[in-house]
Structures are given as structure tokens and as C-alpha cells.
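Peer 1: Below is the structure I would like to discuss, written out as C-alpha cells.
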Amino acid sequence: MSTDVRTTSLVEAGSSSRELIGGAVVGAAVLTVVVGFLSAAMVVPATSSLLGLEVSTLIGALLVASGLGLLAAGIGSVQGAIEADPTYTPGIPTAVTYGFVWAIAAGIVSLVVFDFGALWPLAALSVAVAVGIGTVLTREDLGVTVPASAFLLASGGSVLLGVLTPGVQWQPPGLSATVTGTVSIPVVAIVGGLLAVWSGARAYGGFGARGRQNGAHALIGANAIAMISLLVVIVAFIAVKGFGPLTEGIKYGFYPGFYHWFHFHVPIVDTYVIVRGPEIWFYWPFVMEPFHQLGSLQSGVLPAIVGTFWLVLGAVVFAVPLGIGAAVFLTEYAEQGRFTQLVEVSTNGLWSTPSIVYGLFGLAFLVPRIGNGRSIVAGQLVLGFMLLPLVVITSREALQSVPDEYRDASAALGVSKWQTIRSVVVPAAMPGVITGVILGVGRIAGETAPILLVTSSDPFEDTVPDVLGSFELTMAPPFVTNEALMEASSALPYQLYGLISAGLGDNLGFAWGTALVLLIVVLGFYAIGIASRVYFRRKLNQ
């Protein structure tokens, strides 16, 4: 009985040691990747200080610590000091990964340190083959940890020993670009950190099937975190750069006296009612003023904001009903055969067509037939054509995902097919449809080429298109006219393009502010779409 107790305690102790070492390696590796990304984005340059150390020195120390931890995990598994269940080989994917990483490292070292010249591919290939074969022929615990730890120790040691410093410069043969240490060190940190995360997660799981599963989960999680982090960094960078110019000159006031707000006539008593109250005013020049070419007035982007709004709204009004109708016909009425396959291939091809092609189509076909000039309505149609394929694709997928039981239950109640589609199928598919519309709006709102070709002749328009106030009834078809829709207008992406083309110079702050406004407008469309999707989901679940 005492023997059983002793064995159990040893297994628990070994398991704890394995998890402790693997967790420490993963933690150090994650910190290495984070510092590498921050250094690459110049948030904390390699020459700056962090945690009392130079960033490059901190990266080198983290790489060496991760390498030593991996080596300890591998040797401990071989010696039986930690509980593990390694297989006889790490597998071909692991060997290929390590061989690829070592090939790049060997190629760079052979060029920079040993000056092999044209022989560097041979050196890289030789090292890759040697590492790959050695990894495959070694038991899993050593094959996973030794190549990774060797890379981490070599790269981290080169940073700590001063071989790779922020001041190092290297010009690759045949290229005019110069690679500096401030770029190389963060790249080494990111690559080495990801390698250590993968290997450390496998060691944390005790190798074997569980270790491979942990490694896969770690890579997938790292990929998801990297994507979210990249989005956050981009948004934060634009916000930091553009917030100052965007909020410059904001004024507001409050006057507590009784001022005339508005009045209205009451026909029954034939009198006017006057509403008075305190006066509140707000002035935001960047979003309430047009672009001023000359003078002391502060320039703004009001015409571009209004133009972007009408372009996107018109495209959505044109494409969404047409796309949903086409998807309903293809899914619910048309026979699934060659015709639907042809439509599916065509819509996929149209969605992947570059925007400049749509712009050329609009310039050659639509502009001569719509007033023979650039106009808002031409831009709305071109952007609508760009949005239409995605609406058809996502609407079909959403309609096909509705369970057939919904249709059968409705038919069993004696409801007609059209009423079933209108009252059951389409509402159930609406969250998926709105998701597709959100994605499409995010694309068309930032397009520049179609606007450049069919909508605007001047990126710095000084007049705001008065679309709502320009509707007029006529006695001739189409019985409703709107001169504002037939006039040229600017848009935020085109104005930003115009600023860059004209040379930033003193307009750099204005360009960042314009970029931030464009980002806010796109996120605003996203918010409207997400709110609509949530509404339909709640209505569906009631």
C-alpha cells in the first residue's frame, strides 16, 4: 500500500514539473512575441529601455531563457525526471517546419557572416536537410525541443553577445533596401517566440497526442490573438495620429436666456405657438466645414462625408433587394443544376474582380448614358454592382442554412410557398444576410478607384450635395428628378487619395484626420449592420 502511495506522488510531482517548465517556456515565449511586435511597430524601439533593460537585450534574454527551458524539458523527459509520453518520432510536419526555419537562418548567416556569395542556397539546403532528417530520426521529446532550443539559444546569444545589435546594417544582394538591426531583432523575436510557444505547448502536454493537440491549439490561439492585435494596433495608430487634427478648433456654448427655437401654426384657434429656450451651439470645423484652398479658415471634410454617405446608401438600396431576390429565386425556385452552378461561379468571380475594373465599366458604359458626366448616381450604381455579388453569395448561404423542417412545418399548416418564404425562411436567414451586407459595405465604403473614375472630378469639393432638398416632381418620366444626384461629389477615400497625391507636407495632420473620419464612418455602418443583425436574431428567438 505504501508503494502505491509513493508511485502516485512521484507521478504527480513529475506532472507538475512538466507543466511548470512548459508553462514557463510558453509564458516567456508569449512575452517575447509581444515585445517583438511592439518593437517592430516602433512603440518600444529596439534601442529604448523596457523593464530596466534595453529592448534588444531583453529580447535576447527571453530567447535564451525559452531555449534553456525547452532543453530542460527535452532532457528531463529522456531521463525520466518529468512525466511524458513521447512517440518514436516528432513527425514530418515538425521536421519540415524546423528545416524551413533553419534554412532561412543558415542562408542569412552564410551571406552576412561567411560571405558565401552564390553558394548560400547550397548552405541553406544542406542545413535544412540535416535538421529535417535529424528531427525525423529522433524520438519526439528530443526532436521537438533540441532544434527549437538550438535556434533560440543561437539567436538570443547573438543578440546578448553583440553580434546582432540595433546598429547592424545589411544589404541583401540584388536589392537596394538595407535591413537594420532595429528590424532584424523584432523579426527574430517574433519567429523565435512563436517557435517556442509551439514547442513549449507540446512539452506542457507531455508530448504524444496530447502534446500535439496543445501545440495546435497554441498556434491557432496565437494566430487569432495576432489578428485581433493587428486590428487593434491599426485602429489605435490611426486614432492617435488623427485625433488631434480631428478635434482641433471645436467650440461650444450655452446661453441660459430665452431664445426663439421654432414656431408653428395651430389652425383650430388660428394662432402661432412660439417655443423658446436656452441656446446651445456646437461648432466642429473638421466635420462641419468644406476644404478651403486659401484663406485662414480651417478646412474640413463635410462634402466628403456627405458624399460617402449617399454613395454607400444608394449602393445598399440598389444591391440589397436585388441580391436577396436573386438568392431567393436561386435557392427556393430554380432547379439545382448547371444554371445555378453557372450563377455561383459567376458571382464568385464578380466578387473577386478588382474595383478598378468596375470603375472602368462605369466610365465606359454608365457615365455616357447618365448625364454624360461624373455623378453621384453613377458612383452608386458602380458600388452597387460591386456589392451585389457578395449579397447574392451570403444570402444564398443563409437561405440554404435554414432547416427544411421550417418549410415543412409551414407547408403542413397550409401556408403557400411564397408566404413561407416571406414569413419564415427570409426572417430566419436575415442575420446571415445582414452579415454579408456588413462585409460588403466595409469594402465599398473605402473604395477609391470607382469614385475617381465615375463620381468626382475634384477631391476637394467645396459644396455639399443637397440630395434631400433637390427632389422635384415632373410630368415626364421618370416623374421624379434630382439634380444633386446628377452632379459630381467627393468622398472620404478619394479626398484622402488626393491629399497623398498632392504631397502631404503641411497636410499630414489633415490626412490623418481624414483617415480617422473614414474609419469612424465605416465603423458606423458596421454598427448599424450589427444592431440590425442582433434585432433580427432576438426577433427570431422570441
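Just so you know, glycine gets a Cβ as well, placed from its N, Cα and C.
Under the heading domain 'ABC transmembrane type-1', TrEMBL lists 305-529. Sequence annotations record features per position, and here TrEMBL assigns transmembrane segment to 20-43, 55-75, 95-114, 119-138, 144-163, 175-198, 218-240, 304-330, 350-370, 376-393, 424-445, 510-536.
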Peer 1: Flag the pair the transmembrane segment (20-43) / the transmembrane segment (424-445) as in contact if three or more Cβ pairs fall under 8 Å (sequence separation 6 or more).
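Peer 2: Output no: the transmembrane segment (20-43) is apart from the transmembrane segment (424-445).
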Peer 1: Would the transmembrane segment (218-240) and the transmembrane segment (175-198) count as touching if the test is at least 3 Cβ pairs under 8 Å, pairs 6 or more apart?
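Peer 2: The answer is yes, given that the two segments have at least 3 Cβ pairs within the 8 Å cut-off.
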Peer 1: Thinking of Cβ pairs under 8 Å, which stretch from 144-163, 175-198, 350-370, 424-445 has the most of them with the transmembrane segment (376-393)?
Peer 2: 350-370
